[in-house]
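Listed in Swiss-Prot:
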- 7, 8, 9, 10, 11, 12, 71, 154, 155, 156, 157, 177, 182, 183: substrate binding site (BINDING)
- 70: Mg(2+) binding site (BINDING)
- 70: active site, proton acceptor (ACT_SITE)
């Protein structure tokens with residue numbers, strides 16, 4: 001069964017490949033294999049809206065099953081920021097490090113800088129070649145630390161410490177983060193839909209023999 005990971009981000013691709021390999025033998029490819037591909041502009045207000053935009057567009061383009069995701073970091077003390085601006089907090093073409101720098105600067109301006117609670121919201125979707133959408137949501141609560149810690153991961157990982165863990169996402173071993181992160185939890189909820197699609201694929205293939 002051919003399946004596309006609608007991402008060109010190496011970390012996300014590795015995580016999703018590992019997830020799929022636990023389910024069955026897929027012909028897996030990603031947007032890393034198509035550097036000329038231009039994804040749609042993310043205009044959604046929520047992770048679900050953005051994930052669906054990315055997933056449906058890619059499924060229509062490549063005519064195959066597609067997995068897409070979107071996440072937002074929400075900090076109540078900042079009025080919900082960065083929220084839908086998570087990927088462009090300090091500018092559309094700025095780096096992850098630039099976004100983290102701006103976030104720490106914004107946290108310094110808080111009336112109560114001790115209130116550093118935050119959470120990630122994530123949606124992962126599975127889209128069929130015909131546009132049928134299956135979706136799963138998850139979130140992770142934590143805090144924003146006072147300075148960057150750790151060198152792995154991406155995005156806001158060096159600043160986000162999940163509740164029940166002393167380390168930031170960027171300090172956790174990749175195999176641990178891939179079990180406890182918001183994306184990992186959403187993928188786990190999506191698993192029954194992926195298994196169903198794979199089983200239907202095997203059934204159709206056997207009937208054609």
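Backbone N, Cα and C atoms are what each Cβ position is placed from, and that goes for glycine too.
Not measured: the values here are computed from a predicted model.
Highest Cβ count within 10 Å among the binding-site residues 9, 182: 182. Cβ packing within 10 Å was compared across the binding-site residues 7, 71, and the lowest neighbour count falls to 7. When every Cα pair among 7, 8, 9, 10, 11, 12, 71, 154, 155, 156, 157, 177, 182, 183 is compared, the largest distance found for this substrate site is 19 Å. The Cβ neighbour count for residue 11 (substrate binding site), using a 10 Å radius and every protein chain shown, is 17. In three-state terms derived from DSSP, residue 155 (substrate binding site) belongs to neither a helical nor a strand segment and is classed as coil. Note: the Cα of residue 7 (substrate binding site) and the Cα of the residue listed as 'Mg(2+) binding site' are spaced 10 Å from each other. Geometry remark: residue 11 (substrate binding site) versus residue 70 (Mg(2+) binding site), CA distance 14 Å.
It is 12 Å from the Cα atom of residue 70 (Mg(2+) binding site) to that of residue 9 (substrate binding site).
Comparing Cβ neighbour counts within 10 Å across the binding-site residues 70, 155, 157, the minimum falls on 155. Secondary structure at residue 70 (Mg(2+) binding site), taken from DSSP and collapsed to helix, strand or coil, is strand.
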